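Please read the structure below before turning to the comments.
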Protein chains: 2
Amino acid sequence: MKFEVTILGSSSATPVYNRNPTAQLLNCNEKFYLIDCGEGTQQQLIRFGFKANKIDFIFISHLHGDHYFGLIGLLSSLHLNGRVKPMMIFAPAALAEILTLQFKHSETVIRYPIEFVVIEADKSVQIFENADLTVETIILNHRIPCTGFAFVQKKRLRKLMVEKLEAEQVPLEYYPLLKRGVDLDLPDGKVLLNIDYTTDSERPKKYCYCSDTLFDEGYFETIKGCDTLYHEATFLHEMLDRANQTHHTTALQAAQIAKDTGAAKLLIGHFSSRYKTLQPLLEEARSVFENTELAIEGNTYSI
Amino acid sequence: MKFEVTILGSSSATPVYNRNPTAQLLNCNEKFYLIDCGEGTQQQLIRFGFKANKIDFIFISHLHGDHYFGLIGLLSSLHLNGRVKPMMIFAPAALAEILTLQFKHSETVIRYPIEFVVIEADKSVQIFENADLTVETIILNHRIPCTGFAFVQKKRLRKLMVEKLEAEQVPLEYYPLLKRGVDLDLPDGKVLLNIDYTTDSERPKKYCYCSDTLFDEGYFETIKGCDTLYHEATFLHEMLDRANQTHHTTALQAAQIAKDTGAAKLLIGHFSSRYKTLQPLLEEARSVFENTELAIEGNTYSI
C-alpha cells in the first residue's frame, strides 16, 4: 500500500529562492491528504503534475499565513473546475470565518460540500479515521495555537497464500476468516491452521508532521516511533536564541527530537529565508541523527 | 520618464499552463504601482527580479479571488521583511474587513502604516494624484462591483536648452520660469523668448486597465485616447454567449473597444483556462485592431 509524502512548499514565513511556503501532499493508498496550504500551493500541484481534485482531506496546522494563504485559492479553483464531491477541512475555527467572509464578498456559493472540522489545540486527540489510517493531533508549542498531525496506518488483514489454498481446494467462503487470523475446524474434521495459509501483512506505518514549534517534550509521547518524522528546522543551532524567541526549532533540535522519540527517518523543512543553501542545516541534523533528509519541493518520500 | 507595465499574471479564474492569476506592475518614473494581486504575485515578483518593497501603491479592481488572493501574502511578507514606509491600498471596502480578520487570527500587528482608500464602483472619479500622474476609476460592468483604473501622466515642465543658456550666461535663477514656459523681459532690456530656450516636454501618456467586464459603452468616455489600453479578452468571439453570461469580453470585442476609443496600442489578457495557446486570441483581436499584443507574464510593455 502506497504511503508517501510529496513536498509542495519548504519555506518558512515568505517565499524565497524558488522555495514556497509550507504544504505537503500525503498519498495513503491513493487517497490524498493535503497538509497545510501556503500561498501558491495550487500552482505547485500543477507544477508537479498532481490533480488538486484528488485531494479529499485538508489539514491546517495553524493560522500563520505561510500555512494557509493558498487555501482559499485552491478551494475556489476546485469550485470553478466543477468539483462536486465533498472536501473535509480540519483547521482552527477561525479559518471557517475567514473563508466564509471571502466567499461572501466574491458572491461565490461553493458547489461542493465542505465539511469543516474544528481543531482544538489543547490536547492530543484522534480527529479522523477511515479504512486506511487514523489521524491524531500533536499539540505543538508555537506563538499561536498550533497542532501537528500523526497519520497512522491501520493494521491490514493477513495475506492469503492463494496458490496453496487453491491447490487444496479450500472454499472461497473461508478466505475472509483466514484473512482475520482465524484457525478453522472444518466439518470433515480437517483443521486449517491460520499460520499455514496466511502471512502477516506489512507493518502499519506512522508519519508525523510537526510545524511550527518550539522544542518541547510535551509532544514527544504522541510522535513516538515514527517511520518518518517531518519536523520544522527553521534555523541552524547558532540561531537558538532567535528560534526560542519566535517559537521555532533548530536543525540540531529536530535531530535530537527524532533520536529521543525513536524515529526511523527525519525529514526537515520550513527553512528560514536566511539560508540560500540548505546543506549546513542537513549536516547539522545528521551530526545527531544520521538518517535525515531535506524536504525538497517536488520530491516524494516513502514513509 | 519611464512609463511601462510588467505583466505578473495573465490567467483568468485559476492558474493554468504556467499562467498566473491577474497582477501587473506599473513603473512610472521609478515609482511602482501594483494593479491587482492574484495568488502567487509575490512569487512572480521574485521570479522576474522585482523588489516588492518598491511598491507603494496597490489598486484592486474587485473582490473575485483571482484579482486579490495574493494580497494578504504580499503584505505579510513586507511586514516580515521589515518594511516601515507606508503602503496605500485602493480597493473595495470589504477588502479591509478581510485583511483585518486575517491579521487578527495570526496575531499580526503590521509594522508599517497601511492607508486604505475605499473605491466605490458607482461613478468614475479621480482617486489619486502625485507629481507624476493621476489615477481615475473606470466603471466596469461585471458580476460584482468592479473598477478599472486610468493612469494619466501629468504634463512635464518644458526642457531647457542648457548649452545655449550657459553660452549666453543666462542666470540660473531664470531657469525655473523658463521651464514653466514664461517669456522674460530682463532689466537690461533684453528679451528671452521661451521658444528660443526651451523645447516641449514629452506628451503625457495614458494607461488604462480594464478587467473584468462585459462589453459596455458606459466606460468608453473614461478610456478615450489611451496610449496603451489593457483590456481583458477572456474568450474567443465564438464563446460570446459564455462571455455575456459571465460578464467578460471576447478578443474581438476588446479590439473593437480599442478601435472605438482611439487607443494607440491594445494589450489583451485574462485568458480563459480553455486556451492552451494564445495565438488565436491575438489573431482575432488583430483582425479588428492591428496594434494588439498579448499580455505575456514577465514581459514589460512601454506605454
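Any Cβ shown, glycine's included, is placed from N, Cα and C.
Annotated active site, proton acceptor per TrEMBL: B:Asp66, in sequence order. According to TrEMBL, the feature Zn(2+) 1 binding site maps to B:His62, B:His64, B:His142, B:Asp212. Summarising the annotation, TrEMBL assigns Zn(2+) 2 binding site to B:Asp66, B:His67, B:Asp212, B:His270.
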Cα-proximity to B:His270 (Zn(2+) 2 binding site), 10 Å cut-off, over binding-site residues B:His62, B:His64, B:His142:
none
Binding-site residues compared (B:His62, B:His64, B:His67, B:His142, B:His270) - the one with the fewest other Cβ atoms within 10 Å:
B:His142
Taking the centroid of the Cβ atoms of B:His62, B:His64, B:His142, B:Asp212 (Zn(2+) 1 site), which other same-chain residues have Cβ within 8 Å of it?
B:Ser61, B:Leu63, B:His67, B:Leu140, B:Arg143, B:Ile144, B:Cys146, B:Ser211, B:Thr213, B:His247
According to DSSP, folded down to helix, strand and coil, what is B:His62 (Zn(2+) 1 binding site)?
coil
Members of the binding-site residues set B:His67, B:His142, B:Asp212, B:His270 whose C-beta sits under 8 angstroms from chain A:
none
Residues satisfying Cβ distance under 8 Å from the residue listed as 'active site, proton acceptor', sequence separation of at least 6:
B:Ser11, B:Ser12, B:Ala13, B:Thr14, B:Pro21, B:Thr22, B:Gly38, B:Glu39
Under DSSP, is B:His67 (Zn(2+) 2 binding site) helix, strand or coil?
helix
Zn(2+) 2 site shell beyond B:Asp66, B:His67, B:Asp212, B:His270, criterion: Cβ within 8 Å of Cβ centroid:
B:Ser12, B:Ala13, B:Pro21, B:Thr22, B:Asp36, B:Gly38, B:Ser61, B:His62, B:His64, B:Ser211, B:Glu232
Please classify the secondary structure at B:Asp212 (Zn(2+) 1 binding site) using three-state DSSP.
coil
Same chain, 6+ residues apart, C-beta under 8 Å of the C-beta of B:Asp212 (Zn(2+) 1 binding site), given in sequence order:
B:Ser12, B:Ser61, B:His62, B:His64, B:His67, B:Leu140, B:His142, B:Cys146, B:Glu232, B:Thr234, B:His247, B:His248, B:Thr249, B:His270
